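Questions regarding the structure given below will be posed in turn.
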Amino acid sequence: MADLRNNFVGIKSPNPFWLASAPPTDKAYNVERAFKAGWGGVVWKTLGEEGPPVVNVNGPRYGAIWGADRRLLGLNNIELITDRPLQVNLQEMKQVKMNWPDRALIASIMVPCEEASWKAILPLVEETGADGIELNFGCPHGMSERGMGSAVGQVPEYIEMVVRWCKQYTRMPVITKLTPNITDVRKPARAAKAGGTDAVSLINTINSIVSVDLDSFAPQPTVGGKGSHGGYCGPAVKPIALNMVAEIARDPETYGLPISGIGGVTTWRDAAEFMTLGAGNVQVCTAAMTYGFKIVEEMITGLSDWMDAKGHRTLEDITGRAVPNVTDWQYLNLNYIAKAHIDQDACIKCGRCHIACEDTSHQAITSMVDGVRHFEVMEDECVGCNLCVNVCPVDNCITMVGLEAGVVDQRTGKPVDPNYANWTTHPNNPMARQAAE
Amino acid sequence: MGTNVSGIHGGRLAPADYEKNFSDLHPPLDHHEALVAADRCYFCYDAPCMTACPTSIDIPMFIRQISTGNPIGSAKTIFDQNILGGVCARVCPTETLCEQVCVRNTAEERPVEIGRLQRYATDTAMEQNIQFYQRAERTGSRIAVVGAGPAGLACAHRLAMNGHDVIIFDARVKPGGLNEYGIATYKSTDDFAQREVDYLLSIGGIEIRNGQKLGRDFTLGELTENFDAVFLGMGLAGVNALKTEGEQLSGVEDAVDFIAALRQVENKADIAIGRRVVVIGGGMTAIDAAVQSKLLGAEEVTICYRRGKEHMNASEYEQDLATSKGVMIRHWLQPKRVIGKDGKVAGIEVEYTAMQDGRLVGTGETGILAADQIFKAIGQTFDPTGVGNLRLEAGRIAIDAEGRTSMARVWAGGDCVKAGEDLTVTSVAQGRDAADSINRALAAAANPAVAVA
């Protein structure tokens with residue numbers, strides 16, 4: 001049995017699946033249910049400063065996009081931080097932590113960008129027994145208009161400053177949550193590190209308008225005839241999150257900085273991918289909001305079974321394993337040649353590979369052979385682009401097969417060169433470096 | 001409630017059972033079901049379903065239009081190719097056409113529900129009475145159509161669209177042909193055939209004259225004389241006889257008459273049905289008669305077919321439907337003699353058959369099936385009364401690829417032609433294509449230069 005116990009910057013949890021700071025973690029009732037369902041930890045919904053709490057809209061807060069069969073692919077929300085009084089949240093956090101000492105409980109915090117505000121709230125949070133804090137520098141809607149959330153996360157100097165205050169005024173580990181609404185995510189990560197953060201977590205939600213009501217001509221969710229941009233999350237944002245996690249994991253300046261991976265984690269496989277790209281654990285929200293807390297069972301068993309099957313014993317065995325394989329385009333081996341191959345037994349003859357290739361790519365797949373409907377790759381035309389694999393509705397029907405060194409590429413008529421060669425030395429590159437004589 | 005006495009009687013069931021038994025075989029998909037079903041379509045390239053459809057409906061496109069919330073656009077995609085897409089959605093043997101070749105069969109042995117999706121789209125447009133077609137400027141040409149069945153209606157609609165004036169002559173009281181008189185009641189409910197005719201006639205320019213039979217009320221010669229073109233789509237008026245002793249006994253009936261009567265009757269309990277029913281035949285008509293006999297409360301219904309299961313014209317799906325309703329299908333049995341008692345049917349003597357040197361022969365072994373009622377469903381024939389010298393082929397009207405007969409300015413299509421597959425959808429295709437051919441011919445006659453160019 002694989003050991004799924006997680007130690008993230010000293011915060012221990014029985015598994016690496018935490019619920020992200022969001023509606024599912026807004027109160028004790030939900031968090032208790034989550035822990036009963038098996039979640040390893042929760043990041044409590046973001047606390048604001050003492051005083052009258054924020055208010056939410058009273059109309060719809062969420063919008064969505066769907067795939068086939070109305071599977072929810074992306075969710076957008078305009079909900080703000082917790083709209084419950086600070087003291088209520090603190091009391092509940094303290095009680096829940098007492099009830100569940102083996103689970104991780106993290107407090108997400110968002111207060112104005114002033115030292116006094118942070119200095120005031122940190123002791124109150126610490127008193128709950130929370131295992132750590134997460135600085136919400138990410139929410140792109142509502143709070144950012146008030147100079148908080150992503151408004152802070154978009155200015156590296158502010159990040160560094162606030163992280164420094166937090167490290168100064170609390171002994172709790174500090175996790176800095178980053179916004180993806182920025183050009184180069186390495187800059188805020190470096191700033192957080194410079195401020196002394198223990199870890200970063202990412203991504204927060206992405207600025208988005210998820211859809212437009214074509215009768216009222218208003219963005220959705222529509223509140224009284226108007227809509228506002230919201231924060232986008234769910235399976236659709238996973239690729240963006242994976243890239244940002246990898247960018248930080250492989251940046252020499254932040255290399256080794258613990259990362260809590262967030263963004264569209266829906267299955268054990270998503271979690272494993274985040275972890276191999278450098279995340280020490282993952283946080284989940286949309287999947288729980290779509291299917292309920294029970295999904296964590298699938299994540300736990302799936303990750304454990306995969307690790308058993310592959311002989312990985314602990315999470316340390318997989319964390320960061322894919323990072324060395326993330327590189328820049330210019331270093332990709334241009335001598336590597338692959339061709340698509342269609343498994344005729346698995347093929348259901350829908351023809352989508354053909355029309356995708358014919359209309360939009362390289363005209364390398366037949367539609368008819370000897371008068372019979374038949375889809376086959378023409379290796380003399382195939383550039384190995386993988387589009388056919390991506391549009392095929394049958395799993396594993398079309399695969400990419402790498403050509404062995406020495407085998408003649410039917411398209412170019414040249415044998416496959418066994419040597420690695422990339423763009424930096426390619427003759428067509430005007431900037432190419434001279435290979436050593 | 002009800003009665004199970006021997007002999008042929010109505011009212012075998014409680015009133016509620018009639019309603020239940022003769023309601024829609026496949027209830028319509030609701031909005032949610034349609035979206036789920038539509039999502040299963042892969043939008044195949046050069047889709048096999050489209051190739052398999054005799055009217056070449058762009059099936060992937062109409063399904064995609066459903067899934068994107070555009071059922072009205074979807075209906076137009078269907079009607080563009082098949083103005084009788086509503087009834088075809090109900091009666092097409094999709095299991096041997098579009099759905100048989102759906103790639104989802106290869107993938108998971110369950111095709112996209114094309115027929116039901118087509119019904120969803122066409123019902124949506126028809127319920128809102130959305131009319132997609134306007135008549136072109138009137139040409140002044142007048143065309144006679146014989147038969148207001150699927151072929152005649154499809155032909156008339158396409159001709160009217162092109163600006164021609166059409167008069168349809170139909171022998172029956174109501175238009176619709178087999179849609180009105182020949183379909184099992186549970187396949188097309190709520191007077192759908194008449195609603196579809198009304199919907200189709202809304203284009204204008206089409207007049208239907210009922211009770212007008214070719215050869216009785218008018219001749220083909222009169223039509224060619226008085227009209228610019230003629231389309232013959234009168235279907236098959238004759239039925240094959242058993243040609244056995246006892247065929248004249250009371251209780252021996254034509255299955256097509258039974259099916260027609262059942263469709264027309266107000267109260268199904270008024271249709272008398274035997275306690276034991278034997279249906280002779282192996283096609284769709286045999287299945288429809290047998291299933292409906294059972295649904296009317298017959299205790300025992302047996303189909304006797306003189307060849308094997310694999311030779312039956314009824315699709316496997318239809319055979320399964322029959323057996324699921326409690327119909328017994330027996331193969332390799334041919335009728336030998338109808339046995340009577342007091343002038344009424346009492347049973348039927350059947351003989352076992354076998355293939356010998358490629359020929360079907362009786363083995364000499366016989367048996368007797370008790371029966372109060374026997375339905376003959378051993379094929380229909382073309383009645384050539386009134387078609388004059390028109391060339392026939394295998395007993396039906398001979399046509400070329402465009403639907404032209406051997407006589408100038410006379411076209412034909414549907415079950416009355418040789419090329420027919422005896423399917424509603426094939427008849428629609430033939431009627432439509434003949435209309436296009438007529439239109440081209442009339443245009444060429446009116447303006448030869450343009451036609452050549």
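Start at 1 and count along the chain as shown; that gives each residue its number.
Including glycine, each Cβ sits where the backbone N, Cα and C put it.
I grabbed these lines from TrEMBL:
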- A:338-371: domain '4Fe-4S ferredoxin-type' (DOMAIN)
- A:373-403: domain '4Fe-4S ferredoxin-type' (DOMAIN)
- A:418-437: region 'Disordered' (REGION)
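Are these features on the surface or tucked inside, and what are their neighbours?
Same-chain residues lying 6+ beyond the ends of the domain '4Fe-4S ferredoxin-type' (A:338-371) with a Cβ under 8 Å from its Cβ atoms: 377-379, 381-389, 391-394, 396-403.
Residues 336-344, 346-354, 356-357, 360-367, 409-411, 416 of the same chain, all 6+ positions outside the domain '4Fe-4S ferredoxin-type' (A:373-403), place their C-beta atoms under 8 angstroms from a C-beta of that stretch.
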Write out how many residues of the domain '4Fe-4S ferredoxin-type' (A:338-371) are helix, how many strand and how many coil, based on DSSP.
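Looking at the domain '4Fe-4S ferredoxin-type' (A:338-371) with DSSP, the answer is 9 helix, 8 strand, 17 coil.
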Across the domain '4Fe-4S ferredoxin-type' (A:373-403), what are the DSSP residue counts per state (helix, strand, coil)?
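Computed counts for the domain '4Fe-4S ferredoxin-type' (A:373-403) are 5 helix, 7 strand, 19 coil.
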